[in-house]
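What TrEMBL says about this one:
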- A:300-330: domain '4Fe-4S ferredoxin-type' (DOMAIN)
- A:375-407: domain '4Fe-4S ferredoxin-type' (DOMAIN)
- A:6-24: transmembrane segment (TRANSMEM)
- A:67-89: transmembrane segment (TRANSMEM)
- A:109-129: transmembrane segment (TRANSMEM)
- A:155-173: transmembrane segment (TRANSMEM)
- A:203-228: transmembrane segment (TRANSMEM)
Amino acid sequence: MIGISNIIFLIVAALGIGLFVWQIRKIRKNIQMGRDLTLEDNPSERINKTLLVAFGQQKMFKRMLPAVLHLFVYVGFLVINIEVLEIMIDGIFGTHRILGIMGPFYDALMAINEILGALVIIACVMFLWRRNVTKVPRLATGVEMRAWPKMDANVILVTEIVLMLALFAFNISDLKLAQLKGEELAGAFPISSMFVDAFSSDAGTLATIASTGWWIHIIGILAFMNYLPSSKHFHIIMAFPNVYFSKLAPKGKFTTNPAITHEIKAMLDPSYQPPAPEVDAEGNPIIQRFGAKDVEDLTWKQLMDSYTCTECGRCTSVCPANITGKLLSPRKIVMDTRDRMEEKGEHPAIFDPAQYGKDAGTERVKADTEERTLLRGYITPEELWACTTCNACVESCPVNIDQLSTIMDLRRYLVLEESAAPASLNAMFTNIENNGAPWAFPASDRFNWADELYLPSKN
Amino acid sequence: MAEMAANGQEPEVLFWVGCAGSFDDRYKRVTRAFVQILEHVGVKYAVLGTEESCTGEPAKRAGNEFLFQMQAITNIEVLNAYNIKKIVTACPHCFNTIKNEYPDLGGNYEVIHHSTFLQQLINEGKVKIKGGGEFKGKRITYHDSCYLGRANDIYEAPRDVLAALDADLVEMKRSRANGLCCGAGGAQMFKEPEPGRKDINVERTEEALATLGGGNGVIATACPFCMVMMNDGVKNKEQEDNVKVFDIAELIAQAEGLTK
């Protein structure tokens, strides 16, 4: 029967979903600030990668314990969402456990849900433990782990526990109500049935608990969904497109700027005709910076990377520069890109995490320099010059973020637009220009290694 | 190469020596060791000699895309003029750049790193180390080069080459895809490290020394930059009398009795 509560439910659900769509549109707009890039080659390889790395969590399993715990939460999220579908239908049409018509299949589904729900709670408690008690270094330390990112992680974990507890409260009281009425409740509940006796036998109280649990679970889910865009937890959505669009070429292949190629070819051959520059909507040629100074100089994929980051710190924990105490932290590069993008573009969130960071906890390393661009305003040249381009960060990322490409584009801006390379690197450039080697040896000595070689053919 | 071309000949393979292989005193020994292997197995090879120039790799990693492309385009003109089809090099940085970055600029060649080349020679039975040679039973740990390993997924070739030595191969905790950089990539070779607690090569050498477990041992490398960094690290730890750093080509050449 459809009553007042169904109408309230419909309004709440519509509001929640509408607000989420509104936020997603803002995020889309932010990502579109980035430079154009076509990544549509090899769809089958991309789908394979998405299945393995995103759906299959392949790269998570480089570290066993967090991988298994994360798997509980991930599978729990996927499967329990089937029950959310039921909740939605029940909520709209005033039915009760509508999917119960599936019979034994529903029994199995509910039983699996209950077990997963319990595993989710265990995993989240252990995650909270790792973050706040044992303080696993990659989760608890680092300049970029300011007050907000730490708080964000805890909010997510506590919310997940509350959602699961609400679901259990609903199941247990529902089960008990059915028991009191002498009815058979559709579904099997291996966990809830253990707690049935602990609940009151008053039908009124039970009904209240059941409906409160039900409402907390569904409102909680809608609220959580709207929290995602402000949170690192957004990775649950972004991981999939981000892996799909990730680099297929060998990691050692860095991008080549065709604008520079045209310039050089024109220099070497005066008859060379470079193609006409691209024009914008009004017909003015688009003049792009060499390298990246700010977020709009990065590609949309690099911006998407920053929305995908879940701040797990695996990249930073394997970075040779970071391990040996240099300022560089690949995670910070990605988090800074996101913060700057939201400062420059639109803030998708209903509430502004940057504001939280300002009032509580450590300040950003270089918060208020005059140049509020990604380069210098957020990321210092010292960080960029510490990178050995070893690809350890890229290799370690479970969602295929390419931290290195952003570092390289920022470096290119420093060198190509500002000539701001360290002096010793400028000396290396001069050597290559003058004698075709990074060291100052005359090019004519290049074959001298053979002089000391006593070879039969040289007899 | 110019000589060969003048005689109307084409090599099976062009050996790209690289700047370190040409100018760095330590790495010149690797160049010679590799050439001795090439001569030994009778591969028809050529080198560009003074016509070779830096691939532009360090400039590119340092952000100087302009200088990189200048070098690349000039080198490609030389290589294409000689109609080069196959290139072998002992430097993972040259290897990665020519293989992955030259095609966009018009340079398409079959490029292989000397570790893969040596692996093929061993598999084909052209290099047979009888009884394992002088490294039989010796403790050797292989340090992965980033530009060979993560950058191009070549992990097994250098290990297969070392396996031919019948030595006691031990793996560092951080190896293969988890290998720790020597600290020289990304043009770090040509600058002082940024301020920090420790130098990366010292961190890596400590790991290698711990893996070798004291006493005599060999750190095997397959990259000129790694070699410099590991050598410096061993000196920093004052272990140069016990632990030697060798390129895989040197180990093969020595075991085959091609060098002293």
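Cβ atoms here come from the backbone N, Cα and C positions, even for glycine.
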Original post:
So which of A:6-24, A:109-129, A:203-228 is most in touch with the transmembrane segment (A:155-173), counting Cβ pairs under 8 Å?
Top reply: A:203-228
Original post:
What else in the chain is close to the transmembrane segment (A:109-129), if you only count residues 6 or more beyond its ends and a Cβ gap under 8 Å?
Top reply: 69-70, 72-73, 75-77, 79-80, 82-83, 99, 102, 154, 157-158, 160-161, 164-165, 167-168, 171, 187-192
Subject >> Close approaches to the transmembrane segment (A:203-228) from elsewhere in its chain (Cβ under 8 angstroms; 6 or more beyond its ends) >> reply: 9, 12-13, 15-17, 19-20, 23, 84, 87-88, 91, 155, 159, 162-163, 166-174, 176-177, 180, 234, 236-237, 350
**OP:** With a Cβ cut-off under 8 Å, give me the same-chain residues at least six positions beyond the ends of the domain '4Fe-4S ferredoxin-type' (A:375-407) that come close to it.
**Re:** 49, 53-54, 57, 59-60, 62, 235, 238-239, 242-243, 246-247, 251-252, 254-255, 292-294, 298, 301-302, 305-306, 308-310, 312, 314-321, 326-334, 336-337, 339-340, 364-366, 369, 413-414, 420, 422
Original post:
Who are the chain neighbours of the transmembrane segment (A:67-89) in space, where the CB to CB distance is under 8 Å and they lie at least 6 residues beyond its ends?
Top reply: 13, 57, 60-61, 95, 97-99, 109-110, 112-113, 116-117, 119-120, 122-124, 126-127, 160, 164, 167, 214, 217-218, 221, 236
**OP:** Mind tallying the domain '4Fe-4S ferredoxin-type' (A:375-407) by DSSP state, helix then strand then coil?
**Re:** 19 helix, 1 strand, 13 coil
Original post:
the domain '4Fe-4S ferredoxin-type' (A:375-407): mean pLDDT?
Top reply: 97
